[in-house]
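J.: Relevant sequence annotations retrieved from TrEMBL are reproduced here:
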type     : residues  : note
COILED   : 673-700   : coiled coil
COMPBIAS : 797-836   : compositional bias 'Basic and acidic residues'
COMPBIAS : 845-892   : compositional bias 'Basic and acidic residues'
COMPBIAS : 893-907   : compositional bias 'Low complexity'
COMPBIAS : 913-922   : compositional bias 'Polar residues'
COMPBIAS : 928-942   : compositional bias 'Low complexity'
COMPBIAS : 994-1006  : compositional bias 'Pro residues'
COMPBIAS : 1007-1016 : compositional bias 'Basic and acidic residues'
DOMAIN   : 312-495   : domain 'PCI'
REGION   : 595-620   : region 'Disordered'
REGION   : 795-1036  : region 'Disordered'
Amino acid sequence: MAPFSKPETVLKQAEGLVSVGQTHAALQSLTEMFSSKRFRSTPLASLEPIMDRFVQLCVDMRKGRTAKEGLMQFKNIAQNTNVQSIETIITRFVQLADQKVTEAQAKAAVQVAVDVEDLEASETPESILLGAVSGDQSKDRTDRALVTPWLKFLWESYRTSLETLKNNARLEVIYQNIAQQAFKFCLKHQRKVEFRRLCETLRLHLANVAKYSHQPHSINLSDPDTLQHHLDTRFAQLNTSVELELWQEAFRSVEDVHNLLTMAKKAPRPAMMANYYEKLTRIFLMSGNALYHAAAWGRYHAVASPKSTEDAARLAGQVLVSALAVPVGLASAQEEPAKARLTALLGLTKSPTRASLLADALSRDALKRAPAAITQLYDVLEVTFDPLTLCSAVAPILKELAASTDYAPYIPLLQRALLSRLLSQLAQVYASVRIPFIMDLLSPLRELEGEEKQEKGVFEPEQVESYIMGCARRGELSVRVDHADGSLTFVDEAFSDVLEEIPPTPSTSSNAEAAVQQTVSELVRTRLGSVAQGLHNALTILEPTPVLTAEEQQEKFKALADAVKTERKALQLRRALVARRRELLSELTVRKEKEEAVRRADASRRDKEESERRAREDARKREMQRIIKIQEDMKAQDAERYKATLVEKGILKAGDTQSVATLDTEGLIGMQVAQLEKEKKELNERLRIVAKRVDHIERAYRKDERPLLALDYEQQQAADRTTAAAVVTARQEASRAAHQEDLATKKRMLRMIPEYQKHREVVLAKKGEEFAKKRDAAARKIEEEKNKRRKAALAQREAERLAAEEAKKKEQERIQEQERLEAERRAEEERIRAEAEAEAAAAEAAKREADEKAAAVRKARETERAEALEKARLQQQREEEAEARRLARSSEKAAPPARKPLALAPPSGVRAASSSAATNGDSAWRRPAAPTPVSSTPATPTRGGTMGSTPPRGESPSPAVGKYVPGALRGGAPSSGGGGWREREAARLAGGAAPPPARVVSTPPPAKEEPPKDDDGFQTVTAEKKGVWKPRRGRA
């Protein structure tokens, strides 16, 4: 493989080869570039010119396969980055092929290669032989030979483009455009075979959408735009197939369109559906299916919107006449699946009938807008019942319709419909008729056929009989034909169809509507129903339904309304359940289908992998066997060649080849090498002998010629002198003759000098004037150019100055703006700093004010606390004084030996003096204290009784109020014996048992409203409260 070159180099090389006529080499160089590994990394901007030139060469040389390979390679590179490049190259490729066809047609006298039925078929041996031996080179044949190859290449270019662009969402638009161009190609050149193949190709591509759905940029038919593109292409396919009169392909196209319409999430445009139904009418008309042809016209009438009154009248007439053209007793010849298929194509929920089509046409006022002839035909066939004059009444109408291009195609269908209508009416009136009687009734229509010169009339006896037999065979008409009697008997058996229920067909429904009297079978079948209806009517007359009052009717209505609501709710519930079951069933079906598809895909993948593995293994074995066989054959061939060489050189004799048959190639090569060495030695020896002989001969020659060299030299000198003298003489003669000739020429030319001078002066004057004019014009032009350049320079300088001033002005404005922004920034910073300082000062002032307020509050609290403490102290002092007075009064009421209570010193340092000294002072262990003035404040109440007069120690603190007081500190008379243990011991020793200590009843102080609290958290009880426990020793 050649080394990879730059794209520009390859393109230049190809252009150079094309310029010298080497187009094949140019195309080969471009193709080699595509096969290089570095081709994928080449930028698209460099590849587009190369691809353009590549497709030009492929088109010029008609290399379709090479073009396809190159386009595939280019698509793989550009589809992920630049789709527009692919569209450009593909469009260019198709345009070039189309131009070649146009040029070929312009050169030739034919426009279509009519003698070629299949553009893809290769030449047959017969055609090649005919072209070689035939001497007929007519102009038609030559012209077709020019056009046909380019038509083949254009068709191949369309197929190549579609194969390149298929199954890629990013290339979908250009794909659909190329497909529609291919349709136009088939329509223009009447290529029916190619059109069928094109349709199959498009169907195959659409079927492979699901197969390639996992690939990037795959086609998504759920996208409305993509589905619309496919619908447009399929409608173009449908239109082309109808134009080419390929009705089977048109029906397949209709199915394709219907499948795509079922996938659409939104309804298609009415114009598109009108085109769809219009094509269906033509397809059904060509197939002879009158029923579905009329149904297609009905659907077209439902979606079409006529532009004028004439169009509306023509459309109404076609709808009505197509419905009337359906035979009365027609039972569809298709099977149920085929009927369902056709019904689905028309978008109907059930199969159409003649009666439903007529009812639909009448509901859309088709009868009012239809032409008069169609209206008369409807009246004769559907309104009136006169079988004897039916044909004569219809014949003028059919003649009028046959003259119209719109209704002429319906004449055969109307004739069959008329025949079916006549037979059905005769079956209702007569039990049997003679065949000549029927022929007489049909004579007006037969005469009409004769006027129209139809080759095979519908109303000929053979055709009428064939039609009757067909109706009888299909069960549309119960009739028997008696050829011997020449009569037609309509069978009407009483119990023919009682045992089997025949489903209603279009014929039965139509006959029931048009019947003037019931048949015997209908009477038998409906007898019980008629009797039941009569009995019911009699009961209604004998026992009429009682009339309900307003209240009863209201209650009945309410009950019915409630029942309706209940039934409606139940129906809604059932519908919801059914819908849910359907959803679950559909989900289950989809899941099963997916699982089955996955299973099939896995099985097929495994089978494919296994088959591929076996194929690879078989291929590898075959390749190994082939290589071994080739090696053996090559060795045998080499051996045979060496043997032949040895025989030719005489190394071996012809009969000795069998003796060396066992030798291989190496042995034969060794034998040949040995023979060559031997021959080489013999050759060297012969050459040595010949060289020695030649040397001796040369020496003998030189020895003999040595005396003759001097004589030869003298002869050579004499010849040279003679030759030199002759040459000098000839040269002198030639120079002399030339000089004489020049003199004669000069003498002859001297006569022309005056004329020459005159002409020269005239020429110089004329050229001088022209030169002066040109010089002046040039000078003026130079001056103008100078002025222009000067003005331009001045304008440029002015513009530069203005630009500089503008730039300077902008710079100054920018600087001023920056200064302004800087000043605003500084001002903003100053403002923010001032605000921050103000906020800090305010915060400091607020903090200071809060501290001052807290200090004031604290000081006020301390003052209040001091005042409260002072009030508590004064209150306590007053309580102590009151207690002292109470104790004093209590001691006065006691016995004489009783002691006075001892007043304890208050917290302020004032001590209460005893009322009198202890009588038995020697027995007290405390030191006597100096008498102190008794404060007016009563002493603190104690739990002790009357104590002696021994005062407490001066340094001892007074017990707290409400706390335990020892017995020695309690007040009382010395004689009471209720002091300490010493008094009790002295009294026992002196006079017997000591008296028990007297109990001191302490009176509680008066109650206070708000007693103060001590610092230790205890509260003094100042008032006597009921239910408060007190110790027994402190009770009164």
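Each residue, glycine too, has its Cβ placed from N, Cα and C.
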J.: Which sequence-distant residues neighbour the compositional bias 'Basic and acidic residues' (797-836)? Criterion: at least 6 residues beyond either end, Cβ under 8 Å.
T.: none
J.: Across the coiled coil (673-700), what does the mean pLDDT come to, as a whole number?
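T.: Result for the coiled coil (673-700): average pLDDT 89.
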J.: If you run through the compositional bias 'Basic and acidic residues' (797-836) with DSSP, how many residues end up as helix, strand and coil?
T.: 40 helix, 0 strand, 0 coil
J.: How does the region 'Disordered' (595-620) divide up by DSSP, counting helix, then strand, then coil residues?
T.: 26 helix, 0 strand, 0 coil
